[in-house]
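Before any comments, here is the structure.
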Amino acid sequence: MRRIEIFDTTLRDGEQSPGVALNADEKLQIAHQLSKLGVNVLEAGFPIASPGDFEGVRRIAQEVRNVSVAALARANAKDIERAWEAISGAESPRIHTFIATSPIHMLYKLQKSPDDVLEQAIQAVRLAKSKVSDIEFSAEDASRSDVDFLAKVFSGVIQAGATVLNIPDTVGYATPEEYAAFLQSIMERTVGIEKVKVSVHCHNDLGLAVANSLAAVGVGVHQLECTVNGIGERAGNAALEELVMALHTRKDQFNVETSIVTAEIARTSQLVSRLTGMMIQHNKAIVGKNAFAHESGIHQDGMLKERSTYEIMSPSVIGIDVESIVLGKHSGRHAVQQRLTDLGLNLEEGRFEELFSRFKLLADRKKEVTTSDLFSLADEQKEKTDLINLDYLQVSSGTHLVPTATVGLMFQGQRLADAACGDGPVDAAFKAIDKVLGTQGKLIHYSLQALDGGEDAQGEVTVSVKFGENLVAGRGVSTDIIEASVRGYLQAVNRAFSRGWIEILEK
Ligand SMILES: [Zn+2]
C-alpha cells in the first residue's frame, strides 16, 4: 500500500494562531509527543521571526529524534542562514523555503515581477542546497497562481535541488475537485516532478481544508501538511486527526496508509489544547468531547445491541481509554505513579512527592480524580518554574458588597501583595494582580467550563489577555472558579513576561 507522509506544522503554522504563545519548554514537550505520534516531518518554527522562535527550533532539532525537523525560511539568504543554524543539530534536517507566486501577492506584497520571483526562488533553493540535502520549496498562494508560471518555478527549483514541492491553498479558497485538477495540471507541466515529493498545505477558511487535502491524495501527492486540532492562521489548517482517521477508516476508498500511531491521537490533542489554551469545540470530529457520545434513546439502544450500528470507529483506536482505573482518596503512591507513567507524564525527580500531596488534597475535595485532573496537577508542577506564582488569594463578594480581592504573589523570592475592587470577584482579582506587578492587562476573552463531567468537576478557565499589542492565552484549573481564573491570568502574565512583552516594576 502507498505510504502518505504526515508533515506536522502545529509548532509553526499552529503557533501563529491568534493568542497562542508557547515557550521553548512547551514547544519541546509538544515536539516529543509528535515524535511519539509518528509524524514524518515536524516543522518546528520560523527561526528568523524572534530569538524565542530560534531557541525553540534549536532545542527541538537537538533533542527530538526519529523525525525530520523542518525550519521555515523566506526565500532570502538571511532567513536561510538562520534556519540552518537552528536545525543543523537535527537527525534529519529540512529547510523549508517559500515565496509567493500568485499575481496578487507578487504585485502587492512582494512588488516583484514574475521573472524576479523565479530567480529569487532558484537562488534560495541553491543556497539551501549548499547546506543540507532535504529542501522543501513552497509556492505561497499557489492555488491562485497561474499554472504555467507555477510549473516554470517548480521546474526551476527542482533543478536547483528541491526535494519536496509544496502546493498550498494558502487562503483556503480552493474546492476539492478544482484543487485536484489544478494539482494534476501542475504535475503534468513540471519538468523533473518524478524525482521529488509533492505536498499540499490547506487552510480551512471555507471549512474545506481536510476535503481539499483528501482530494489531493486522490491525484497521488506524497505529503500532507496539517496541525493537531486544526489550529493555525485564521480558521486554521487541515486537522491532523481528521486526515489520519479518514485515511485509516476509509482505507477502502483511499488505498494509502500513514505511519501515525493512532492510539496517541487523543493524548496529543489534549496536550496541544492545554498548552496553547485553544479549546476544542465539543462537536469537533475525532477529538471533540462529544465525538463518541450517543445521546438519543434510539442510538443508545442500537449501541447496546451492537456498537457498529452507530459507531464507525472505536474510541480506543485514537487512545480514549473507556475503562481507565479510577483514582480516589484511597489510591496510593504506586497507583498514581503508574497512571502518570501510562499518560506519559514524567515528572522531574522530587516533583512527584509534591504532586502526590496535591493529589491527596484534591481527592479529599472530589470523589474521583480523573485523567484531566492529573494532567492539571502535572501542569501545576511544571508551572513551578514560572517566575510569578500565586501565594494566596482572598475574595469577598455578594449581593450588597463591592467585590474586593487581595492577591499575594511570589516574584523573585519576594512576597508581594495588593488589593483592588472590581465589577465582580474575578475582575477584582485581575486588577489586584495588575496592581501588584505594575502591569496593565486587557482581558479580551474569558471562558469557564467544567474540566470533565460530574457534579464535582474542577473548573477550567481560559483567558486571552492583551498586553500592549501582544495577545497571550492562559489557562487555570481549580475546584474554586475564582482561583482557576487567577491561575489562568497568571499563566498569561508569565508567558508575556518570559517573552519580554511586559516589565515587572521593582518594588
Ligand atoms: Zn499555512
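Cβ coordinates are placed from backbone N, Cα and C, and glycine is handled just like the others.
Listed in TrEMBL for this protein:
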type	residues	note
DOMAIN	4-266	domain 'Pyruvate carboxyltransferase'
BINDING	Asp13, His201, His203, Asn237	Mn(2+) binding site
REGION	389-507	region 'Regulatory domain'
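Structural mapping of features recorded in TrEMBL.
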residue: Asp13; record: Mn(2+) binding site; DSSP (3 states): coil
residue: His201; record: Mn(2+) binding site; DSSP (3 states): strand
residue: Asn237; record: Mn(2+) binding site; DSSP (3 states): strand
Provide the number of Cβ atoms within 10 Å of the Cβ of His201 (Mn(2+) binding site), excluding the reference atom itself. 28
List the other residues in this chain whose Cβ sits within 8 Å of the Cβ centroid of the Mn(2+) site residues Asp13, His201, His203, Asn237, in sequence order. Thr9, Pro168, Thr170, Cys202, Asn204, Ala209, Glu225, Cys226, Thr227, Gly232, Glu233, Gly236, Ala238
Can you count helix, strand and coil residues in the region 'Regulatory domain' (389-507) using DSSP? 31 helix, 52 strand, 36 coil
